[in-house]
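Residues or ranges marked as transmembrane segment by TrEMBL: 12-30, 42-61, 68-89, 95-116, 137-161, 181-199, 211-236, 248-268, 280-305, 317-338, 350-371.
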């Protein structure tokens, strides 16, 4: 933790009280009456302003230049609150703007703290020491995580005390814990108090920071070896498997780059004396630094192929942004290695500071409405639809309707009447009436139904399945390509029997009866499921017959599933 942080006994009390009051105010702003509408944009923006400003103030507050800390906290809260207001509140799909706003504040906080601490006679206007920035950044992260852990411990303690008093019939504490206002005060007070207590105990955070850095540095050879082997294998495997194996190529590669950044800086520290003395760790950091640029290039190719195949979407544009960030760091680290082979850690620290300032500014810009990826993507997708590059039946209407923001929604409504072809107008009309929640069920079902024929053996002969039956069977987890299920079904039948493992890899085999009702196929329970009205009617008839003495014993023939000569499940029909 930075040595400039002075002990301030009143800080924990001040932050605890302030945290409780801010949390209570936020709870009141976003509270919703039972059955009432959710909080509007203004309430959400105000709640965000209070919450972010309060948290930021707790992290940067110092007795010296207190008004500077208050001004920074207010600015941080305003940035994120404005993004919440611009995005339209609950349910807005473009969450990456909010991520950029949060990233802006997270980067700006240690920069501000280091700049404020460096203010002294004769110091440059924008002077800040890299060790101070690095220390503040790690301290803020560890403080946040430690404060969250403390809040969790406080809640566990309160639940324990509640259970203790319940043993003697006193439920007052239990009722308090169910109260939203009390819960908000408890969370805010515990979080603020924890931040204050830990900031006054800098030795604890400094020790924790050293432990974390040591652990991370030890992991550097592992990731370095993995990335090196991956890059060396590419000339033999080619890039094609990357596009065929998974749709998550870009996220995986970017995650590797982020991991490399963390481990490199854990090895080199923030001062020359902090560089690891182990040659293995130092060379691992070099390998990681060299690997970042090729990985970012592969990620760029992956995203470029997706864009060429399917056009622009907000998510793909955001992916390009993050790839650009990764390339900037990869290029900066590569230049540091080329310019100063033995003293490259010094160059890397300089690059880190410059890149942090640049990243903060770009993230702030991207969090504003000045850059609208939804509008850009909508224009591109409409152009592909108009020129026939994407046919109407292959066009992702639900994505345009729900994932492209206001421009996409407006485009769908416009195409209902202005579509170039009847097919486009009809598809747009369906998309305009679609429900946001229902789309996820449809997508899940479509994914589950892919390749269902490869997981089934249809008896007595292979026949096409009704769409509803096909979908119902696809939800069964026991049917896999290596352990296929058997489905007894004949065209026109209203019943089907599915036989397979209880789940993938299970030894137990079971039989399930599916019945068709009003066009929908559903599994019955115990082969005896009937509508309640029919059961009541039959019970009444049987009661009357019993009273009349109409009782007899008959020999009946039943059907049951047999696997390997052994019965499975209950008889049916």
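Yeah, the Cβs are placed from backbone N, Cα and C, and that goes for glycine too.
No curator has checked TrEMBL annotations; they are predicted automatically.
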Establish whether the number of Cβ pairs under 8 Å between the transmembrane segment (211-236) and the transmembrane segment (42-61) reaches at least three, counting only pairs separated by 6 or more residues.
no
Would you kindly check 42-61, 248-268, 280-305 and say which stretch has the most C-beta pairs under 8 angstroms to the transmembrane segment (317-338)?
280-305
Given the cut-off of 8 Å on Cβ pairs that are 6 or more apart in sequence, determine whether the transmembrane segment (181-199) and the transmembrane segment (280-305) share at least 3 such pairs.
no
Cβ under 8 Å, sequence separation of at least 6 from the ends of the transmembrane segment (280-305): give me the contacting residues as numbers and ranges.
217-218, 220-221, 223-225, 227-228, 231, 234, 239, 242-243, 249-250, 253-254, 256-257, 260-261, 263-264, 267-268, 316, 319-320, 323, 326-327, 329-331, 333-334, 336-337, 344, 348
